[in-house]
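Annotated Zn(2+) binding site per Swiss-Prot: Cys63, Cys66, Cys79, Cys82, in sequence order, evidence recorded as sequence analysis.
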Amino acid sequence: MAKKSMLMRESKRAKLVEKYRQRRNELKQLIKSSDDFQVIMESQAKLAKLPVNSNPVRYVTRCKQCGRPHAVYRKFNLCRICLRQQLMVGNIPGGRKSSW
């Protein structure tokens, strides 16, 4: 289980990403579409002043059950370990154990 502080940090990042998503996209579009050097520089400065944690790259999807940051399936919001446990118990329908 991940520490509560890590889970809270990720939830805070998720809120910041959603809050600044539109503003960040507008500035990026302005930078890409503009031909004026001055406008580009001003837009880049505004983009740099946005909170660092509002960048979507910094947001990590975590397992809803244990908080593990790696190997999380988006469809279930569970890591591979918890997903297997839930499949074996029968909480997720349609799963079957592989054999080859």
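Glycine too: its Cβ is placed from the backbone N, Cα and C atoms.
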Could you tell me which three-state DSSP class Cys82 (Zn(2+) binding site) falls into?
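The three-state answer is helix.
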Which ones in the same chain are close to Cys82 (Zn(2+) binding site), with CB under 8 Å and 6+ residues apart in sequence?
Cys63, Gln65, Cys66, Arg68
Fewest other CB within 10 angstroms, which one of the binding-site residues Cys63, Cys66, Cys79?
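The binding-site residues Cys63, Cys66, Cys79 were compared, and Cys66 has the fewest Cβ atoms within 10 Å.
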Please report the DSSP secondary structure of Cys63 (Zn(2+) binding site), reduced to three states.
coil
